[in-house]
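Colleague: Just lifted these from TrEMBL, have a look:
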- 142: active site, nucleophile (ACT_SITE)
- 33, 57, 58, 111, 139, 177, 203, 229, 255, 256, 277, 278: FMN binding site (BINDING)
- 57, 81, 82, 83, 84, 85, 139, 204, 205: substrate binding site (BINDING)
- 17-297: domain 'Dihydroorotate dehydrogenase catalytic' (DOMAIN)
Ligand SMILES: Cc1cc2nc3c(=O)[nH]c(=O)nc-3n(C[C@H](O)[C@H](O)[C@H](O)COP(=O)(O)O)c2cc1C
């Protein structure tokens, strides 16, 4: 392994750029969909163009008003959300938000969700050719209305089908975002690869619920919600480790990352880059602090490039 100290014993800079199946990032830290708005809301706190990429909030073909309230609940070491993809729709995103992000030099990943395979494909076609989009992330934790509401991401056949349909419409790197609410995540990852995925994003939230004992009712109006935050970190690490061993695709890993030490764990487990979600609510500057923490770790460990770190803890 090369040293990151030069002959005079002075620390040399380390290389923290990464390539996720054609998606080139200046550093390996992105902010997760739905936890950072369109990025523009955070401009008072940090230079948003310094983040590896901003994954914008879940975008749909038509505008959605989301689920009724309450749609957020705090839990020990995490939170539940059932926002229900509130967003103004893909056309408004492309017309009003994308140009502003482009002007600021932000690397933008668009997270898309649909009711049918055709909707995903139509959105990919609309996004294609718009300057300023670096990649598409597919939220496949959505009900497939043509298959009785079964989530796309829980069945290998529908995962392959939706990835294939999107790939036909775009030349951008496509990252399906895997749901942890499955028995065998490796099988799902292989289906995404068979559909032509360029990289994998994992994991989305774990299905959960909370109950108000005074009202004797579920806390969330939607009853169930997605669990995120530190509580899910061990599950995310385990799934990334499993997929890294079995599937030859770069992984964007996340789930409960609250520090650069957490991020390094994800990279050692097989992630090429990491995403920060719930942590943004605790500390809006976390993504950039994690970038600095990773850089310091590499220097301390005499590792010249973050790419060397990926999968180092995986036992063959
Ligand atoms: C309030 C909230 C909204 C979210 N909205 C989306 C979304 O629109 N699309 C999506 O793919 N994931 C969404 N997620 C999931 C996050 O992007 C992330 O994958 C998940 O929360 C796990 O990471 P974390 O523990 O760092 O938050 C949302 C999460 C939260 C907490």
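The chain as shown is numbered from 1 upward.
Positions of Cβ are set from backbone N, Cα and C atoms, glycine also.
Unlike curated entries, TrEMBL annotations are predicted automatically.
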Colleague: Report the member of 82, 142, 203 (the recorded positions) whose C-beta atom has the most other C-beta atoms within 10 angstroms.
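Modeller: Result for the most crowded candidate: 203.
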Colleague: Among 33, 82, 84, 142, 277, the recorded positions in the record, which have a C-beta under 6 A from ligand 1?
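Modeller: Only 33, 277 qualify.
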Colleague: Please list, in sequence order, the residues in the chain of residue 84 (substrate binding site) that are at least six apart in sequence and whose C-beta is under 8 Å away from its C-beta.
Modeller: 64, 66, 67, 71, 222
Colleague: Just checking a number: largest C-alpha distance across 57, 81, 82, 83, 84, 85, 139, 204, 205 for the substrate site, rounded to a whole Å.
Modeller: 15
Colleague: Quick check for the class: what is the C-alpha distance, in angstrom and rounded, between residue 58 (FMN binding site) and the residue listed as 'active site, nucleophile'?
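Modeller: On Cα coordinates alone, these residues lie 11 Å apart.
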Colleague: Mean pLDDT for the domain 'Dihydroorotate dehydrogenase catalytic' (17-297), as a whole number?
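Modeller: The answer is 97, the mean pLDDT of the model over that range.
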Colleague: What whole-number Å value do you get for the CA-CA distance of residue 277 (FMN binding site) and residue 57 (substrate binding site)?
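Modeller: That separation, Cα to Cα, works out to 11 Å.
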Colleague: Work out how many Å separate residue 255 (FMN binding site) and the residue listed as 'active site, nucleophile' at their Cα atoms, rounded off.
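Modeller: Distance (Cα to Cα, whole Å): 18 Å.
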Colleague: Would you list, in sequence order, the recorded positions among 33, 142, 203 whose CA lies within 10 Å of the CA of residue 57 (substrate binding site)?
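Modeller: Close recorded positions: 33.
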Colleague: How many Å separate the two farthest-apart Cα atoms among the FMN-binding residues 33, 57, 58, 111, 139, 177, 203, 229, 255, 256, 277, 278?
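Modeller: The widest Cα-Cα gap among those binding residues is 19 Å.
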Colleague: Could you tell me which of these binding-site residues, 58, 255, 277, has the fewest other Cβ atoms within 10 Å of its Cβ?
Modeller: 58
Colleague: Between the binding-site residues 33, 203, 205, which lies closest to the residue listed as 'active site, nucleophile', Cα to Cα?
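Modeller: Going through 33, 203, 205 one by one, the closest to the residue listed as 'active site, nucleophile' is 205.
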Colleague: For residue 139 (FMN binding site), list the number of other Cβ atoms lying within 10 Å of its Cβ atom.
Modeller: 24
